[in-house]
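In TrEMBL this protein carries:
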| type | residues | note |
| --- | --- | --- |
| DOMAIN | 23-292 | domain 'Tryptophan synthase beta chain-like PALP' |
| REGION | 1-20 | region 'Disordered' |
Ligand SMILES: Cc1ncc(COP(=O)(O)O)c(C=O)c1O
């Protein structure tokens with residue numbers, strides 16, 4: 001199978017758009033829709049598909065090298081794609097102290113999918129995009145290896161996420177998405193004609209610049225009407241709070257859907273809080289993008 005044609009993976013596209021009855025929205029004349037990107041593909045759910053697919057087409061069967069932490073969903077999705085499509089994968093993992101230890105379940109799955117794992121110390125990992133560091137990594141990889149950045153976010157990834165925006169075009173007034181690197185938001189906002197809310201799950205206030213940079217690289221300049229609400233990171237990346245967990249459990253009970261905690265739950269918390277604060281115009285249709293599934297998050301951080 002050759003990776004410039006991903007149709008044999010049979011992605012579920014466009015992903016389903018499901019209305020849900022939620023009185024916290026209905027009471028204010030709002031309609032809540034769930035954009036089920038988590039159902040696109042079992043091994044490449046949500047934004048993993050949106051971001052990886054254009055990169056895999058560009059790699060066209062060459063080996064793929066990418067980066068991640070010890071619990072990276074992105075590494076797992078890349079390894080699975082390599083197995084399914086038959087191309088070699090190399091995962092550069094943050095933390096040389098992990099080398100020689102038993103692999104955690106996430107990395108064990110990467111290895112079982114055929115990914116060659118290379119553990120590097122944290123300083124090297126931070127410098128991974130510097131030419132000398134990258135050249136050393138590529139020197140140990142097969143000729144012609146294609147590099148995908150950490151989290152899979154580059155210009156091609158943002159273009160892939162623009163398709164998500166186009167799927168929502170004319171179907172909603174507001175779209176909301178959780179943000180790590182900002183690649184999904186950069187593309188979604190570019191493809192969508194309504195307003196797009198990004199909910200950062202990391203602390204730090206750096207995301208706006210990242211999104212603008214990705215839009216510049218992908219589309220040549222700013223695109224779409226998007227804004228960030230930085231209040232819902234719940235302590236930062238990988239962190240949850242008892243309140244967030246209670247909120248997610250309640251949402252699961254109301255709507256019969258398992259909620260991924262580290263990204264999706266924070267975005268839903270933001271949406272419900274903004275609805276309860278009457279931040280959306282009555283009559284608005286609000287689409288929450290479900291970018292990942294709970295299964296993914298069980299062993300992720
Ligand atoms: C489930 C889920 N939602 C949202 C995101 C955020 O995506 P991005 O890094 O493009 O902002 C991620 C990270 O890749 C994720 O795993």
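Cβ coordinates are placed from backbone N, Cα and C, and glycine is handled just like the others.
Sequence-distant neighbours of the region 'Disordered' (1-20) (same chain, 6+ residues past either end, Cβ-Cβ under 8 Å): 31-37, 39-41, 44, 49, 53, 56-57, 59-61, 81, 84-87, 163-164, 167-168, 171, 255, 287. The average pLDDT computed over the domain 'Tryptophan synthase beta chain-like PALP' (23-292) stands at 97. Summarised by DSSP class, the composition of the region 'Disordered' (1-20) is 3 helix, 4 strand, 13 coil.
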